[in-house]
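Novice: Okay, handing you the structure first.
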Amino acid sequence: MKLFIIIVVTSLTISKVFDKTLVTIEARNLRKMDRHEHFNANEDFVEAKMLKKIDNKNNLNNRCINDFAPTNPGHNSGIGHPKVINNKFTKDFAPTNPGHSPGIGHLRVVNNKFTNDFAPTNPGNSPGIRHP
């Protein structure tokens with residue numbers, strides 16, 4: 001018990017000491033935020049790039065398709081090549097009759113009858129537990 005308390009206190013002390021060290025990052029420097037810029041609802045960012053306005057709206061789906069050049073001739077849809085997104089609204093609501101909705105909360109009853117599905121096998125030919 002005493003060893004456990006020593007280990008816990010030591011690990012907490014080490015975590016407090018190393019919590020004050022410099023934070024290192026890889027790849028690119030992060031943008032310094034002096035004020036609450038990350039709570040600004042008027043701007044949409046994709047890796048700190050301001051998106052183009054289409055129909056006076058900032059929208060992630062409305063970004064320009066030609067922002068990335070393909071690496072090989074042809075139509076690549078791989079890394080760095082955004083898919084073409086159809087921005088049209090489609091009304092896909094399909095009403096159903098009451099009582100015939102197999103969605104959430106509705107159980108689909110197939111058959112309420114009891115069937116005896118026991119099928120006896122010959123001794124030695126049982127593929128159950130502990131049988132190869």
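Cβ coordinates are placed from backbone N, Cα and C, and glycine is handled just like the others.
As listed in Swiss-Prot for this protein:
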{"type": "SIGNAL", "residues": "1-19", "note": "signal peptide"}
{"type": "MOD_RES", "residues": "Pro70", "note": "hydroxyproline"}
{"type": "MOD_RES", "residues": "Pro73", "note": "hydroxyproline"}
{"type": "MOD_RES", "residues": "Pro95", "note": "hydroxyproline"}
{"type": "MOD_RES", "residues": "Pro98", "note": "hydroxyproline"}
{"type": "MOD_RES", "residues": "Pro102", "note": "hydroxyproline"}
{"type": "MOD_RES", "residues": "Pro120", "note": "hydroxyproline"}
{"type": "MOD_RES", "residues": "Pro123", "note": "hydroxyproline"}
{"type": "MOD_RES", "residues": "Pro127", "note": "hydroxyproline"}
Novice: Count the other Cβ atoms sitting within 10 Å of the Cβ of Pro123 (hydroxyproline), across every protein chain shown.
Specialist: 6
Novice: For Pro95 (hydroxyproline), just count the other CB atoms lying within 10 A of its CB, please.
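Specialist: So the number of other Cβ atoms within 10 Å of Pro95 (hydroxyproline) is 6.
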Novice: Can you tell me which parts of the same chain pack against the signal peptide (1-19), counting only residues 6+ beyond its ends and a CB-CB cutoff under 8 A?
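Specialist: Distant contacts of the signal peptide (1-19): none.
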Novice: Pop the Cα-Cα gap between Pro95 (hydroxyproline) and Pro120 (hydroxyproline) into the table, whole Å please.
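Specialist: Approximately 48 Å lies between the Cα of Pro120 (hydroxyproline) and that of Pro95 (hydroxyproline).
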Novice: Given Pro95 (hydroxyproline) and Pro123 (hydroxyproline), what distance in Å do their CA atoms have, once rounded to a whole number?
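Specialist: The Cα atom of Pro95 (hydroxyproline) is 55 Å away from the Cα atom of Pro123 (hydroxyproline).
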Novice: Under a three-state reduction of DSSP output, how is Pro123 (hydroxyproline) classified: helix, strand, or coil?
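Specialist: The three-state answer is coil.
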